[in-house]
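Note sheet for the following structure.
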């Protein structure tokens, strides 16, 4: 029986290993993590992450051939294949601070593997890592190997949160990179055999190590670039009276471009896009390619611009001040169908409004109150937000924020509503009821283009939708204060 161990029970490790266990009943899969509460949650009915379909998969396999444990050393020692899916945050200090990936957790995992291994192993990079990480890991393992042989593979994840289980069941591609040696090719084949249980062979791509590592960064950079491109167009649409939805539709009909990732919004978020682009920028700079680095930096600059533009639109529309005004925030997660708030645009928007002394009432169907409060006071890197969106002091931020359990409570007595996540339930709210319970004039700032602006205007709202022709009220207001 092949034994697989995955170090790291987070957003990538948990769902990926659950699906491998489901699709490969003959393989024993153990997910290990040093953080006990997380392992306890994986072994309970309340999983530590929300992902549609995940609970059903875990429930079917857990205790059969899927296990969650905090005994890292035991299960790493017993495994044939070790996946490493640990955090690779951006460095906050030292060389490459604000751009380079911090590989502390990765190095620690590699040293653990070397220390406890008593048999040859295949070590698989699952976390998003900088190009050439495999080489560094290989050196750590080789110098501490005590005669044991390790083969390093890169097998980046291409999951989208909210659809991760579907993405794992029917992936566009599975990418496996390895050394171009007989041993390296043998290791690639071993991992290929695991995925071949359910993935068609023509969708399993094999490359060298560096191509696999760079492909992940490149894929995220390309996706983020599309979002920044359409968001840049949304600003121009507002200035000229064009409709970004119509422009996106026309552009997306070109088969060379396609329609995906062309929805204008308040900005992109998630744990990967910004982090991976900054990583790419750093790698370009280190390799003497400043022009390439500058090119990719612009993707993040437009994303920051879009968030600050949204805040400025809110403030300028409401008589140039939101001081002591209640603003309802609908949605805090970075996208629908996930509880993940990492790099969510909502953080920067909320901090921008708090900087103008607004009183925020926040509702999100999947994000807990403590989580929201923590995100709003957490120290972030300087590059995380534009200068005028710098966070205020922790105590002041918390005092100005309340978190509610439904949208109607959040919007009661509010001057304005900001929709920051495209949850389906926001499309079907009773906006007449919301309008009747708000201060007048009542504003809706739709950062995801989920509401029917014309219907809301009929009710009496002043509506701002990103990239859409401006409400008469807004035309006289500056787009950027």
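The first residue you see is number 1, and the count goes up from there.
Cβ coordinates are placed from backbone N, Cα and C, and glycine is handled just like the others.
Note that TrEMBL annotation is computational and uncurated.
Since the structure is predicted, the reported quantities are computational estimates derived from the model, not experimental observations.
As written in TrEMBL, here are the features:
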type     : residues                                        : note
ACT_SITE : 272                                             : active site, nucleophile
BINDING  : 8-13, 33, 38, 86-90, 127-128, 161, 272-275, 342 : NAD(+) binding site
DOMAIN   : 328-453                                         : domain 'UDP-glucose/GDP-mannose dehydrogenase C-terminal'
Under 8 Å by Cβ from the residue listed as 'active site, nucleophile', same chain, sequence gap 6 or more: 128, 220
Nonlocal neighbours by CB distance (under 8 Å) for residue 33 (NAD(+) binding site), same chain, sequence gap 6 or more: 7, 8, 9, 10, 13, 39, 68, 70, 72
Local confidence of the domain 'UDP-glucose/GDP-mannose dehydrogenase C-terminal' (328-453) - pLDDT mean: 87
Other C-beta atoms that fall within 10 angstroms of the C-beta of residue 161 (NAD(+) binding site): 23
CB contacts for residue 87 (NAD(+) binding site) [other CB atoms within 10 A, all chains]: 15
90, 274 as binding-site residues, winner by CB count within 10 A: 274
Number of other Cβ atoms within 10 Å of the Cβ of residue 11 (NAD(+) binding site) across all protein chains: 22
